[in-house]
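Below: one structure, written as structure tokens.
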Amino acid sequence: MWSDYHARLHQLLKSRHILPKGSKILVALSGGQDSLCLTRLILDLQDKWGWQVAIAHCDHNWELDEGLGEHIEGIVHEWGVNLYLEKATTAIPEKEAAARKWRYQVLTDIAVSHGFKYVVTGHTKSDRTETFLYNLIRGAGSDGLTSLYWTRKLGEDIELVRPLLEFSRQDTGNFCQKFQLPIWEDSYNQNKKFVRNRIRLDLIPYLQKEFNPQVEKHIAHTAEILRADREFLDTQARQLFAEAIINKDTIDREKLKHQPLSLQRRVVKLFLGQILPKMPSFEQIEEVVKLIDAPNGSQTSSFAKVGAIAVKDDYITLRQ
Ligand SMILES: Nc1ncnc2c1ncn2[C@@H]1O[C@H](COP(=O)(O)OP(=O)(O)OP(=O)(O)O)[C@@H](O)[C@H]1O
């Protein structure tokens, strides 16, 4: 089977080098249109790229998804591909984060025990827009805005790859229709109790209709640009952090003076990450950044649980 969609993915893989020739690939198939489209595309490109491909499905054991496991087995059997089907012994809590955590653990375990170096998922440009807006609303900063990227590490020697980030949900829908792939309509995707679903079903259509029909493309480009900026700044910040850190509780503020605010914030975030039990808030980071140029003896007020962070001569240090 060949189509424009196949050609697009083939070209993309040639330019991005995210799934090298001869790789052992595990495709994560949920039964929805995105991962069905991805699975078919990967299987059709398999010979050209010399890949070894198998499919994994994680069955959450949810009442509303009754029959999904058998549906997947049927499709995969027809395609003659090896399937790893993992069913939760008791139903996984119907919460996005819990389900996702369980799924990635299952996928990682299968990849480790069967020697797959790549796990691929059907995330699209539309998912990227959703994730961007979801994190923007939660106030997650540039790390959150750029979290849905082409690759991310799943384990020691296992990479999660998202080859469809340049395809929209419309593309995957059209593909499934063109090749008559039997989409499983996931009832959870319609449930507006989940924030992500409200973003997908209400917010994005509203933005497309009332503001800009190209909003998905523009957000994807913004995420791409921000990601490269973030990688550069992270590298610089880690270098500066290594020069400035004295011990777990103390940092040399002289090394941070005259540095751009962007680096100061990132270094302070790394420093606080060592001291605090959870991620520092925006306000906490700002408070410590101010200490870089503050008079000797100045201290913070927002770290009650761990003590105070104070200026002592050239240093910023934790006082318990
Ligand atoms: N039950 C499942 N079994 C196997 N793979 C799945 C399953 N659910 C989702 N996936 C994979 O994950 C991709 C993304 O699906 P979805 O957006 O529902 O997941 P997510 O884990 O919430 O995404 P994110 O990584 O953005 O948190 C799917 O295209 C598919 O490849």
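Residue numbering: from 1, along the chain as shown.
Each Cβ is built from the backbone N, Cα and C atoms, and glycine gets one as well.
Just so you know, TrEMBL annotations never went through curation; they're auto-generated.
Within its own chain, GLN33 (ATP binding site) has ARG169, THR172, GLY173, PHE175, CYS176, LEU181, ILE183 as residues 6 or more apart in sequence whose C-beta sits under 8 angstroms from its own. Sequence annotations record features per position, and here TrEMBL assigns ATP binding site to SER30, GLY31, GLY32, GLN33, ASP34, SER35.
Annotation source TrEMBL lists domain 'tRNA(Ile)-lysidine/2-thiocytidine synthase N-terminal' at 24-200.
According to DSSP, the secondary structure content of the domain 'tRNA(Ile)-lysidine synthase-like C-terminal' (247-317) in residues is 28 helix, 13 strand, 30 coil. What TrEMBL records for 247-317 is domain 'tRNA(Ile)-lysidine synthase-like C-terminal'.
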Are there any residues at least 6 positions away along the chain from SER30 (ATP binding site) with a Cβ closer than 8 Å to its Cβ? List them or say none. HIS57, GLY122, TRP184, ASP186
Which of these binding-site residues (SER30, GLY31, GLN33, SER35) have a C-beta closer than 6 Å to some atom of ligand 1? SER30, SER35
In the domain 'tRNA(Ile)-lysidine synthase-like C-terminal' (247-317), averaged pLDDT is 94
Please identify which of GLY31, GLY32 has the densest Cβ environment, defined as other Cβ atoms within 10 Å, among these binding-site residues. GLY31
Shell list (ATP; ref centroid = CB of SER30, GLY31, GLY32, GLN33, ASP34, SER35; cutoff 8 A): LEU29, LEU36, CYS37, GLY122, THR172, ILE183, TRP184, ASP186
